[in-house]
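Structure, as structure tokens:
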Ligand code: F6R
């Protein structure tokens, strides 16, 4: 994670670097820093915590200079202190880094043995020392970087500048994204196109192992063998506008409220209303030949995968395996011909998911990606891109990306089912109608915001909260628990409702709220039996169901939230809304930082 920006400018760069960092703060906000080269010297400002602290530091002590690099940090090695904040300076070298240098310990030991002193606990400082050591041997800055890069193991992106050459910025990429931006007598480096959007739309994406030598006049990219290569300059299309919250108090709230619109937008590109059919973008393989599916993702996106398993197996009768990406590669999964590999990711940069994608490709699988950021590494590497049209998601807790991913997953399941000959035109038409109902049903669900806000203080007082669901609503229970814990810091777990009695029921007493997700339908009675088993032991139940469900089982609950009556297939999309709102209001009531919860970052580009 962490975000990098570098500018070789024609005028002062500090403000523009700070603006770039604002666009990258989603990648981490443990500390931030900027270093410029001015009158042959480095000048640096750093601050722990969020970017506002660095902005205050810059306001108090402005930073001159027309070239510089900047960084926002998600701490990996070393606490989020000023000393550990980037940029790191060693002699003539200043450096920013995103990712992890896995072999930093032996490198550090080697440097310590030579008498070098470290000012931070970071892995980053090791790289600055290594480059400085090469300079000391008489190598020029470019050669020094070229000599050091092969010694670094891990996944990282680097930005390096030199006191003696203020018109030189070097970027290197291995496993973490990095882009070069082309301006008018200026050039730039950034973790993504968004960071550079106000500076330029002309972007080149570095490829794995690439490093770029940037001056104001020219950019030369080299591959991992140090051979000069050309990487296409594309129009990023990224908006230079900073996102704003509109009338909402937090981005998360805004994004929850955007769901009827963005889900409709996403569905529009997958539904053909006249033909009453679902359609995917053109693809170069035959979906009908798919015999197995592997879905890989992290966190919230992995719950979309779990729901997808229910849908694909039920509709298409194709076997599906779902893995969290951090486990996938290392368990050496059995990947067979005619298997479709699917990755799901909002950012398209999550290191574990990207590594899993590459693993699947190396094993010869055809791959598809349900991805929100169309310029991301995953979007560029999958065989079939299935975009979500959620728009930028700024709140760290994923909300609208989740429901848009579900919408695309539903379209994929239906297409696969048709291609496998398991779905009649009538059945497909029915599903299209149900999917078309989703945006309105989500709006109806949002209308319960006030009731949910009113119950937040009760949940906020709890030490533990449990969520129950069955079938496709079981992964939604996991999502509910994740949402609550990440933004309110209350311990929460989700369970398949039938699993309750196999252990977790021991946790139940009258201080434990139990959030039950139970749309009426074939699984309702069974979920309600499990709920009653918990109620008999004092559980404080919040039942989220439709009018029929609440009429049947709403007694003895502390609260009910009435959802519109929807087909069980689309229930996870609609029931996601109260689950998100509940977490949101509990967090607001507790006064936590909803959009930037502690220890988290929006894009997780380390393993
Ligand atoms: C939770 C959350 C995370 C992400 C996960 C994957 O609210 O946002 O669990 O879902 O880090 O991120 P992407 O989708 O960018 O791969």
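Using the three backbone atoms N, Cα and C, a Cβ is placed for every residue, glycine included.
Nobody curates TrEMBL annotations by hand; they come from automatic prediction.
The structure displayed is predicted, hence computed values, not measured ones.
What TrEMBL lists as active site, nucleophile is 2. Within 10 Å of the C-beta atom of residue 2 (active site, nucleophile) sit 29 other C-beta atoms, taking all shown protein chains into account.
For 2-217, the entry in TrEMBL reads domain 'Glutamine amidotransferase type-2'.
Positions annotated as domain 'SIS' by TrEMBL: 283-422 (among others). Within the domain 'SIS' (283-422), the DSSP-based counts of helix, strand and coil residues read 65 helix, 29 strand, 46 coil.
Regional average pLDDT for the domain 'SIS' (455-597) in the model is 95. Taken from TrEMBL, the feature domain 'SIS' applies to 455-597 (among others).
The active site, for Fru-6P isomerization activity feature in TrEMBL is assigned to 602. Within its own chain, residue 602 (active site, for Fru-6P isomerization activity) has 26, 27, 347, 393, 394, 396 as residues 6 or more apart in sequence whose C-beta sits under 8 angstroms from its own.
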